[in-house]
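Visitor: This structure is in structure tokens; I'll ask about it shortly.
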Amino acid sequence: MAVQNDLQLQETHPLHYYEVAVNRPLFQTYTYASFQPISLGCRVQVKLGHSTEVGIVVAQSTKAPDSDFTITTIDKIIDPTPILSAEILTLCHWGSSYYFQPLGEFIFTFIPNYLKQAKLLESLYIEAFEITSKGKYAKLPSQAIKQSDALATIQTLATTSNSNLVAKTTLNQHDIKSDTLRQLLKKELIQKSLIPPYAYTTAPTQTNENSLTLNQEQSDAVSTVIKNQNTFKSILLEGVTGSGKTEVYLNICRHFLNQGQQVLLLVPEIGLTPQLSERLQTQLPYPMITLHSDLANKERASRWLQTKHSTSLVVIGTRSAIACDLPKLACIILDEEHDSSFKQQEGIRYHSRSLAIKRAQLKSIPILLGSATPSLETLTNAEQGRYQHLRLTKRATGANLPEIEIQDSSRLTANQVFTDSTSEAIRNTLQKQQQVLVFINRRGFAPTLQCSQCHWVADCEHCDVALTIHKATNSLDCHHCEHKQPIPRRCPSCNSPYMSPLGFGTERIESELIQHFPDHPIIRMDRDSTQNRGSLEKIRQTLLEGTPCILVGTQMVSKGHDFPNLTLSVVLNCDNGLHNQDFRSKEHLLQNLIQVAGRSGRSKLQGQVIIQTNYPDHPLFVHFKEQDFPGFAKEELTHRKKLGLPPFHHQAAIRMQSLMDNQAFQKLLSLEKYLKDCVYAQGNQNLDISLTMPAAIERKSNWYRYLIVVSSPSRKHLHQYLNIAHEYLLKIPRTKKLKWVIDVDPLDT
Ligand code: ADP
Ligand code: ZN
Ligand code: ZN
């Protein structure tokens with residue numbers, strides 16, 4: 001064996017061998033040598049081919065590799081201590097093999113961007129100040145008001161910090177300017193240190209511990225979780241919207257935090273983190289960390305590192321927070337467990353709920369899955385006794401569930417948005433000084449631009465979809481790739497000047513509402529209107545103030561918000577969900593409708609919901625009118641069982657895409673044949689393999705996309721054949737022109 005670097009050193013220092021996983025689509029780790037011992041979970045810098053990569057040390061090689069190949073030494077050890085614990089490494093090992101994802105990429109999806117590079121942890125250190133002994137007794141001249149105020153503030157804040165130090169950022173938030181600090185430093189009344197961000201935590205100074213008295217169902221839920229502390233136990237908390245699930249979470253957190261332990265609370269959307277953290281923060285005198293993608297890189301990295309070092313801590317985060325390091329983790333809570341945002345559908349594919357359950361099992365702790373409309377997977381797990389099933393059956397404030405009205409919209413003209421009766425209801429609500437929510441699951445002005453003469457439609461040149469009209473940017477945008485183009489004045493096909501928008505998006509609804517209700521603020525909340533950091537929060541504050549207004553938005557508005565003065569929700573254009581090919585579309589639609597309905601009339605005011613649909617007699621609306629999710633679930637599960645669909649059969653999609661038309665299709669066709677031959681040879685009745693078929697959008701960003709769906713009632717059999725498929729796929733190099741991925745438990749097939 002030859003070691004490339006430092007040959008002489010080798011004679012005096014014994015070599016250690018490690019397996020290193022890098023952030024590349026590679027299904028193997030590589031062995032590197034080091035003259036120093038390194039802890040597992042540390043970042044290192046290594047050479048791979050011609051490039052230099054940051055990798056994570058994932059295992060120790062038990063023995064030196066065979067002598068017939070060359071081993072490289074590790075270039076640099078970046079972290080003196082691990083940034084990933086053994087527990088997280090085990091979770092990632094499990095996840096990468098369960099989901100057939102490359103280990104390195106899998107691990108790196110959970111590492112904040114800042115730490116994906118070779119940045120030293122020292123670069124995250126923060127400036128912090130403390131009062132010197134001289135400062136404690138200093139008498140400042142009466143004109144130095146700013147300085148004495150600053151001293152007093154530092155003194156107060158120091159008592160809430162875990163050390164005597166107060167971070168500069170905290171002081172800035174309290175309006176203490178750098179200049180004032182400089183003057184205090186000069187007088188030696190304070191001193192400055194550079195500390196790791198995790199050495200500094202603060203808890204709220206004022207909390208209101210007089211929380212509500214829980215009702216019987218709520219306190220049963222809390223005590224069930226507490227009873228199971230230190231035991232792996234999955235518990236479903238099915239509670240109608242407004243039934244006080246959040247109050248249950250809060251009480252569970254309080255219990256564990258009082259014991260010096262940590263709780264991880266996962267939510268589907270960034271938008272939900274501020275309101276949840278605000279609510280918990282006013283009740284719990286402990287530090288709290290929120291983790292999501294809307295944070296600056298450095299800030300996110302600091303917070304991510306901090307979770308490891310604080311006891312009595314709640315972490316609130318979106319799906320990737322499942323793998324943050326919490327040594328004293330006592331309980332995991334997944335709010336809105338049915339939400340598909342917990343599944344990452346692009347790049348590395350995983351479901352945060354499955355990882356959460358695995359983590360609870362590894363750690364022997366309880367996990368609580370909360371929802372008003374649980375996924376059929378979770379309901380079945382509860383039905384079959386794998387999860388305990390708890391219910392909250394009524395709204396906690398005693399408020400009634402909203403009144404529901406289904407409006408027939410089939411007679412509206414192409415340019416009419418609201419039925420007369422809907423307009424009337426909106427007007428009445430505003431007159432009563434209350435707020436309205438209009439939900440439409442489509443951003444932009446209109447989903448299509450069409451020529452009125454020849455019916456030409458503006459399509460994306462890279463995808464098989466129509467371009468969306470965006471008036472705000474005056475462009476036609478593809479919602480599936482980066483493509484944008486100006487709106488043409490004339491039809492490119494027949495040169496006619498008569499081009500018109502077809503259908504509605506949030507922008508168009510907004511402008512309609514401005515015309516009809518000019519005296520009230522119309523607030524739009526979608527991906528386009530919330531691009532700037534902090535804009536979501538601003539919208540939330542406006543609604544909380546209670547001013548009568550209309551909130552128009554996509555999915556973003558439907559979840560979790562608690563605006564007490566919002567009493568009317570209007571749902572537009574949900575018909576697609578009634579007839580979509582995806583077998584989960586009805587489940588998702590009903591979940592979504594119940595969510596939207598749950599936004600209205602949460603306080604003492606009676607709520608109202610209007611659904612506009614061209615199919616008012618559709619059976620789904622019967623369940624909706626009665627808010628009968630369990631009834632729907634029962635029917636739907638019977639149907640799925642008959643058809644051999646999830647959750648009764650487990651599925652995986654094998655997806656392949658190529659830049660060249662036909663290439664992916666042909667290769668996938670061969671795999672289909674190979675798998676079918678294997679199944680045939682082994683006489684396995686337990687596995688179903690679909691034909692090779694095009695993806696829902698066949699061409700996307702110039703990639704031609706196909707898939708095979710493999711399913712089996714036995715998870716073991718499914719994985720056995722996925723292993724065979726994976727072996728086969730590994731022989732097909734993933735190139736710049738051809739890609740494949742195995743998608744276990746897909747949500748879109
Ligand atoms: P969910 O999370 O199920 O939607 P929340 O926890 O947000 O429900 O509770 C809905 C409303 O009911 C909130 O305004 C909350 O303050 C109130 N609430 C919750 N629990 C109780 C209780 N035990 N007594 C009185 N009000 C309650
Ligand atoms: Zn035309
Ligand atoms: Zn496109």
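Each Cβ is built from the backbone N, Cα and C atoms, and glycine gets one as well.
According to TrEMBL:
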type	residues	note
DOMAIN	226-392	domain 'Helicase ATP-binding'
BINDING	CYS451, CYS454, CYS491, CYS494	Zn(2+) 1 binding site
BINDING	CYS460, CYS463, CYS478, CYS481	Zn(2+) 2 binding site
Visitor: Report the nearest neighbour of CYS491 (Zn(2+) 1 binding site) in space among the binding-site residues CYS460, CYS463, CYS478, CYS481, comparing Cα positions.
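Guide: Checked the binding-site residues CYS460, CYS463, CYS478, CYS481; minimum Cα distance to CYS491 (Zn(2+) 1 binding site) goes to CYS460.
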Visitor: Out of the binding-site residues I have (CYS451, CYS481, CYS491), which ones have their Cβ sitting under 6 Å from ligand 3?
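Guide: Among the binding-site residues listed, those whose Cβ sits under 6 Å from ligand 3 are CYS481.
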Visitor: With an 8 Å cut-off on Cβ-Cβ distance and a minimum sequence separation of at least 6, pull the same-chain contacts of CYS460 (Zn(2+) 2 binding site), or say none.
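Guide: Spatial neighbours, sequence-distant, of CYS460 (Zn(2+) 2 binding site): ALA466, LEU467, CYS478, HIS480, CYS481, HIS483.
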Visitor: Just checking: which of the binding-site residues CYS451, CYS454, CYS463, CYS491, CYS494 have a C-beta under 6 Å from ligand 2?
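Guide: If the test is a Cβ under 6 Å from any atom of ligand 2, the answer is CYS451, CYS454, CYS491, CYS494.
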Visitor: Near CYS481 (Zn(2+) 2 binding site), how many other Cβ atoms are within 10 Å of its Cβ?
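Guide: Counting Cβ neighbours of CYS481 (Zn(2+) 2 binding site) within 10 Å gives 16.
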Visitor: Could you tell me the mean pLDDT over the domain 'Helicase ATP-binding' (226-392), as a whole number?
Guide: 94
Visitor: Pop the Cα-Cα gap between CYS451 (Zn(2+) 1 binding site) and CYS463 (Zn(2+) 2 binding site) into the table, whole Å please.
Guide: 20
Visitor: Using a 10 angstroms cut-off on Cβ to Cβ distances, just flag whichever of CYS451, CYS454, CYS463, CYS478, CYS491 is the loneliest among these binding-site residues.
Guide: CYS454
Visitor: Within 10 Å of the Cβ of CYS494 (Zn(2+) 1 binding site), how many other Cβ atoms can you find? Include all protein chains, please.
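Guide: Step by step: centre on the Cβ of CYS494 (Zn(2+) 1 binding site), count other Cβ atoms within 10 Å, giving 12.
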Visitor: Give the sequence-ordered set of same-chain residues, not counting CYS451, CYS454, CYS491, CYS494, with Cβ within 8 Å of the centre of the Cβ atoms defining the Zn(2+) 1 site.
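Guide: Neighbours within 8 Å of the Cβ centroid, excluding CYS451, CYS454, CYS491, CYS494: SER452, GLN453, HIS455, TRP456, PRO492, SER493, ASN495, SER496, TYR498, MET499.
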Visitor: Would you mind pulling the DSSP three-state label for CYS451 (Zn(2+) 1 binding site)?
Guide: strand
